[in-house]
Amino acid sequence: MEEHRKRHGRRLDYEEKKRKRTAREAHKASADAQKIFGHKAKLHHARRHAEKVQMKKTLKAHDERNVKQKDDGAVKEGALPAYLLDRDGQKDAKALSSAVKDRRKDRAAKYSVPLPKVRGIAEEEMFKVIKTGKSKSKSWKRMVNKATFVGEGFTRKPVKLERFIRPMGLRMTKANVTHPELKTTFQLPILGVKKNPQSPLYTSLGVLTKGTILEVNVSELGMVTTGGKVVWSKYAQITNNPENDGCINSVLLV
């Protein structure tokens with residue numbers, strides 16, 4: 001075949017046919033994925049899930065490639081104030097990370113919260129039943145109707161294993177946090193959901209409803225402890241209904 005190709009060349013429409021065949025591959029793979037079932041389907045979806053996770057990691061690595069990294073050697077000894085020393089160096093960053101993790105373990109109940117009581121939310125209001133299967137006869141999946149928070153490195157489970165679906169349009173990453181003493185509002189990144197008063201399940205899903213205790217990043221506010229350390233995160237309680245307003249309003253717990 002190689003010899004014949006060298007002597008006579010290719011068909012005139014070879015490149016066009018090859019382009020069309022490549023373009024059809026995605027559609028063919030999609031059709032095959034919808035037809036297969038049983039053990040073969042599980043293997044196929046597991047393989048595709050692994051490919052997508054790897055692709056996501058590769059894209060993230062490409063995005064971070066052009067980000068300028070801070071040079072630790074550029075800052076001379078004594079050039080920074082004492083309360084900013086925790087932000088420099090791998091050793092100090094690790095200590096700060098450990099402090100944040102320890103703080104997350106603290107009970108949210110020790111604060112006197114602005115909203116001590118909230119109304120209960122029925123399961124029918126919280127979840128929408130999703131019919132699945134070829135004849136739409138299975139109803140074990142649920143879609144969350146409320147605003148949610150998922151972490152930055154969140155990856156969805158394979159379709160056959162994902163019970164709770166959290167829509168992209170209802171995922172929140174920032175909250176409007178009001179300082180009760182300063183009477184000032186800041187837009188701060190959310191670090192996690194500490195406690196949802198409705199149910200532990202909603203806490204694990206990261207559902208954001210009225211009265212939920214959030215953990216927000218307050219490093220930009222320049223708050224310092226009595227020991228001179230920068231405060232990295234603090235708790236805040238949601239005071240509105242995010243699914244109705246499209247934003248999160250909360251009060252900082254100081």
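A Cβ is built for glycine as well, from the same backbone N, Cα and C atoms used for every other residue.
Keep in mind that this is a model prediction, so the values were computed, not measured.
The stretch that Swiss-Prot tags with motif 'Nuclear localization signal', taken from the ranges 5-12, 101-108, is 5-12. Break the region 'Disordered' (1-73) down by DSSP state and the numbers are 58 helix, 0 strand, 15 coil. Tertiary proximity for the compositional bias 'Basic residues' (1-10), restricted to same-chain residues at least six positions away from its ends with a CB under 8 Å from its CB atoms, involves no residues.
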